[in-house]
Amino acid sequence: MMLWKEMPMEMGNGTTVQEFTLEGFPAIQHLGKVLFLVHLLAYLASITGNAVIVTITCADSRLQTPMYFFLSTFSFFECCFISAVIPKLLVIFLLGRQTISFLACFIQAFVFVYLGAAGFLLIAVMSVDRYMAICKPLHYPTIMNLKTCFLLVTACCVLAFILITGPLVMVSQLSFCGPHVIPHFFCDLDPLIHLSCSNTRSVEMLAFVIALLILLTSLIITIIAYSNIVVTIVRLPSAKERQKAFSTCSSHLIVLSLMYGSCVFIYVKPKQRNRLNSNREAALVNTVVTPLLNPVIYTLRNKQVQQALKEKMCRLKISR
């Protein structure tokens with residue numbers, strides 16, 4: 001709890017600032033109820049899709065393989081990730097309540113950044129898993145056992161925590177002298193850094209370096225893995241098998257391009273003061289669009305998952 005020792009911060013005129021104001025989307029705030037409905041439906045669809053993946057993977061023994069273990073973990077991360085952001089956005093759209101306390105703001109920033117970092121590290125692990133399954137099928141069962149999978153997921157979580165804790169602690173120790181309006185729809189590190197009246201050069205550079213490290217490392221591993229997968233697919237003797245494999249890979253790559261593209265645009269820039277407004281639109285990609293697409297692209301199109309869902313539904317009907 002020492003992290004929050006200096007909160008609330010004092011403004012230059014001696015008054016105490018106890019909260020931030022999330023600006024949201026002021027240009028379209030008059031459409032609040034329509035935007036609330038659209039984002040509520042997207043949020044519920046995302047939560048439902050990802051929760052179905054987690055549930056069906058745990059319930060069906062045929063899906064308890066490394067690939068589905070990673071996918072269900074990723075789906076769990078996605079549920080937590082969007083739940084850290086979207087409920088507050090819904091409140092802003094419906095009720096216009098834009099204030100958020102210092103403590104709530106930094107908790108939101110921590111959860112968002114931590115799960116985002118862990119998610120990108122997990123994507124790299126999932127790419128390596130697919131590479132091993134397709135390109136090294138004989139070694140795959142030996143290498144990717146349950147213990148290895150658990151250790152890889154744990155490593156992603158621990159490494160993400162280690163990497164993002166430093167910048168978050170540094171930001172929490174900054175002075176905020178006003179204004180305290182965050183030009184975003186949730187608390188993220190960069191808008192908070194730019195609201196501070198302290199010298200932010202060191203924390204801004206640290207945040208940039210860590211974002212660069214996480215995103216580019218994950219991206220390079222993913223590109224190398226999928227490049228090898230494509231080479232292996234090209235060598236498949238059956239045209240039908242090649243077409244099916246390319247269809248699956250292309251769907252994965254579209255979603256990955258959206259995720260990496262939006263995050264690189266937001267975070268991998270040393271100077272961001274003139275681009276915070278455009279960051280809001282880019283952030284919607286990762287908080288609304290990709291969580292909605294991921295369950296469909298990665299899992300729900302899969303015949304094994306479809307079969308497991310059908311059998312589960314049939315058993316539920318019979319039990320009634």
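Here the Cβ of each residue, glycine as well, is placed from N, Cα and C on the backbone.
Just so you know, TrEMBL annotations are computer predictions that nobody has curated.
Taken straight from TrEMBL:
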- 34-56: transmembrane segment (TRANSMEM)
- 49-298: domain 'G-protein coupled receptors family 1 profile' (DOMAIN)
- 68-94: transmembrane segment (TRANSMEM)
- 100-128: transmembrane segment (TRANSMEM)
- 149-170: transmembrane segment (TRANSMEM)
- 205-234: transmembrane segment (TRANSMEM)
- 246-268: transmembrane segment (TRANSMEM)
Top Cβ-contact partner of the transmembrane segment (68-94) among 34-56, 100-128, 205-234, 246-268 (pairs under 8 Å): 34-56
Stretch among 34-56, 205-234, 246-268 sharing the most Cβ pairs under 8 Å with the transmembrane segment (100-128): 205-234
